[in-house]
Number of protein chains: 2
Amino acid sequence: MSFQKLDELGHRLEALEHALAILGADEAIHMAVGGGEKRAEAMGTLAGMYHRQASASEIAGWIDAAEREDLDEEQAAAVREFKRHYVNLTCLPAEFVERQTNTRMRCEQLWRDLRAKNDWAGFLPALEGVIALAREEAAMRAQVLGLGLYDSMIEQYDPGNRTADIAPVFDTLKTFLKDFVPEALAVQAERLAKRPLKPLSGVYPVDRQRELGLAMMAAVGFDLSHGSLSVSHHPFCGGVPSDVRITTRYRTTEFLSSLMGVLHETGHALYEQNLPKKWSHWPLGKARGMAVHESQSLFVEKQLGRNPAFWQWALPVVDKYLGESWSMDDIIPHVHRVERGLIRVDADEVTYPLHVILRFELEQDLIQGRLQPVDLPEAWDAKMREYLGLSTIDNPADGPMQDVHWASGAFGYFPSYTLGAMMAAQQWAALTKEYPAADRDIARGEFAAINGWRRDKIWSQASRWSTPELLERATGEKLNADHFIGHIRARYGAV
Amino acid sequence: MSFQKLDELGHRLEALEHALAILGADEAIHMAVGGGEKRAEAMGTLAGMYHRQASASEIAGWIDAAEREDLDEEQAAAVREFKRHYVNLTCLPAEFVERQTNTRMRCEQLWRDLRAKNDWAGFLPALEGVIALAREEAAMRAQVLGLGLYDSMIEQYDPGNRTADIAPVFDTLKTFLKDFVPEALAVQAERLAKRPLKPLSGVYPVDRQRELGLAMMAAVGFDLSHGSLSVSHHPFCGGVPSDVRITTRYRTTEFLSSLMGVLHETGHALYEQNLPKKWSHWPLGKARGMAVHESQSLFVEKQLGRNPAFWQWALPVVDKYLGESWSMDDIIPHVHRVERGLIRVDADEVTYPLHVILRFELEQDLIQGRLQPVDLPEAWDAKMREYLGLSTIDNPADGPMQDVHWASGAFGYFPSYTLGAMMAAQQWAALTKEYPAADRDIARGEFAAINGWRRDKIWSQASRWSTPELLERATGEKLNADHFIGHIRARYGAV
Ligand SMILES: [Zn+2]
Ligand SMILES: [Zn+2]
């Protein structure tokens, strides 16, 4: 039976994924500094084994045959996802993938070096190489998938998402935010004029912050028997669903940024920990994609963790671990701080979407050949001035050089961040409509009912539905900007 | 060129070994408690991939062809070791290996449970199953290798070691120790009557002990940019040569046992860290075997770490980290404590070899069918009474049930421990003959010259020579008991 062969393949691939995931987390958390070269060699070889096994030509026949076998609904869904993975993995010739990998790696290395030196001219030829290959890649993917160029790139990250659906929603959001950012800043200025910001600085030992983080993780639903919290230079959520490794970093003079980071990664972790275990060796059993994943982290960080109700419960917990008696009036202005800035990763939830929409617009033009890499600094600057009133023309390091995504060839990924934020708001709205006591629960540190809804609607569904189908089944609505706009208006607007 | 194919195979196997080694260390050090099931599944699948790739039938042809190719001496040595590995890996049918793995795993699980209950009768049938298969295994290995039954089992752990060479050396040692143990105990009693043992108890926080351990590791030569120290339930040395993971466990009331454990594992780690890097993907580049590996750990633990000269240097270091001003007269009686006991792993260096020789004698009889498992408790008790004056007849948990080795089918492994102790003494004798300033160096905390000798004679040689050849090339003598006996007599005998 061909389904059986796919099932066995799934077990082999799961073992290699397990090794790669743990080796990757280990590298960032525990590896000795001199271990990197051999680690890269081992992971490269294992990734090659994975690719060879997952793209073997006989799999096409197994999938064809399995589609004609007498399968139950779950198995049929499993075959659909096996096929999707297989097609995405085999639509590029091996020779092309190798050339692309080398070009990307060289560009990433250059980026690390030249961003620090603000050297756009030195970086440009390498980026041009990556973009030329990305255009070739999009053409090949589009051909195989029967999609548009940019849609075929998005499809790798968020199956089912289409530019035609996303662009109007982003336009609505952009129009709203261009006006709303000044409003939110004015509201904030007025409040701060009445009550100046109390600095959050203090002395917060790492072990106390760590205990606080663990307590919050556990309260929010992280299963500490299937995961752990460590330290790494860049926070991440890695490992495997049976053992999720999340990380943070600490500053001993301030606790809020680490704590919010822990909540964000806990959101990713909850999704992984609650995926259906019996599907774990099938593509069907994986998280749906980047946008949905980000909706889960942003749900915990923004919808829960920056909700004032959360801080009613959290302040005594912070006090217990850090011995710091903050009041709601002290903390909330920090939790809801809005600031115009050049850097996406430092942005708050009000300004962040404008950073993403700028990239979404530019990378479509780049992939479709309407914009040339050499013209990026001007194009970036023009949009940055229009959307956020800031110029980057003399500062490409904080303009088109600020992210690694394009250097590493990840076109189509950026929209996921803001799609995640909108989906999180849409999920919160649907949840609170069904369960109006959510705020009361949060204020008591009770997350069981909220997580029950999320497990039912999102986590247990894994890759059963396309990204837009999953959202619509969970919330009863197609993706739209209304709930996110409502959320931002309520939290940051004039009363 | 066939050598090239073997070389490429080596890279693939090295990547899988890397993954298995890091996953294994991670499991003991960092894994979340609930991660075990999936980890076992992943490691089992990866081990299967390793076995399949390392035992593929076409490799036999590559080895044959490579042997006829124009190779330099190093490549020829590499082919010899590829062949040895391949033969050892393929001399048992796959069906047999699978049956044996299941039988061993079941017996190990039972052992964990029934040893705690001192239930020999319940354990016996499972052990009989393992021993029956070990006899079959020995017969098959002996056939392929042209060796005796027990020698064919030893060959897996210490290539080149033969019972005919080891047994007379063990007999000499046994004869000596049977008389010497009472003498050493009498000497100790006399000293303690003059100056009672000062208890080592105190309050030693884990982080201070850890810093002390790291300082000692670094001083003795451990490269902290290619390895680390962690905590695990059972101390071990794992990971990969580019990133060696050693572990210890701490008691906050006592520091010596953890520190001596750290020194022991550091000895293993130095060997791994100093293997020739350019051979790392060939079997030739691996440590020679269990006995040589144990000679490296015991060299550091016993020849260096329990040498009074070491403590002249170490006491101020201990003082610095633990704030405890011990005198030589306080510490040395602890470092040189001798005690008759039932348990091998708790034994000191004087009584330890008798535990090993007892097992060496019994397991030969078991493999050759001269002793039946049902008769083990009596046979064990008889030897225990003869060698150490202790009885285990009513206490099989501390008799033939005390070690996991037989339950897991590792017959031929036990001799490595005492061979390692003898080899370490023999290496120390050869080194001090060439370099008489060794004791002076140690008293100053200088280990560069000592490590230089060891790197030259042992570490850099990897698997270039058989176990007995390596020892003879390093020390100028065949394995003998003289140096170990001299060492024990000098350290523990009447002055
Ligand atoms: Zn995230
Ligand atoms: Zn050892």
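A Cβ is built for glycine as well, from the same backbone N, Cα and C atoms used for every other residue.
Within the same chain, residues at least 6 positions away in sequence whose Cβ sits under 8 Å from that of B:Glu265 (active site, proton donor/acceptor) are B:Pro235, B:Phe236, B:Cys237, B:Ile246, B:Thr247, B:Thr248, B:Ser297. Annotation comment: TrEMBL describes B:Glu265 as active site, proton donor/acceptor.
For B:Glu294 (Zn(2+) binding site), other Cβ atoms within 10 Å of its Cβ number 24. Annotation source TrEMBL lists Zn(2+) binding site at B:His264, B:His268, B:Glu294.
Neighbours of B:His264 (Zn(2+) binding site), defined as other CB atoms within 10 A of its CB across all chains, total 23.
A 10 Å cutoff on Cβ-Cβ distances gives B:His268 (Zn(2+) binding site) a total of 22 other Cβ atoms nearby, all chains included.
A Cβ distance below 6 Å to any atom of ligand 1 is met by none of the recorded positions B:His264, B:Glu265, B:His268, B:Glu294. Each residue in B:Cys237, B:Glu265, B:Gly267, B:His293, B:Gln296, B:Ser297, B:Leu298, B:Val300, B:Glu301, B:Gly420 lies on the same chain as B:His264, B:His268, B:Glu294 and has a C-beta within 8 Å of the C-beta centroid of that Zn(2+) site, without being one of the site residues.
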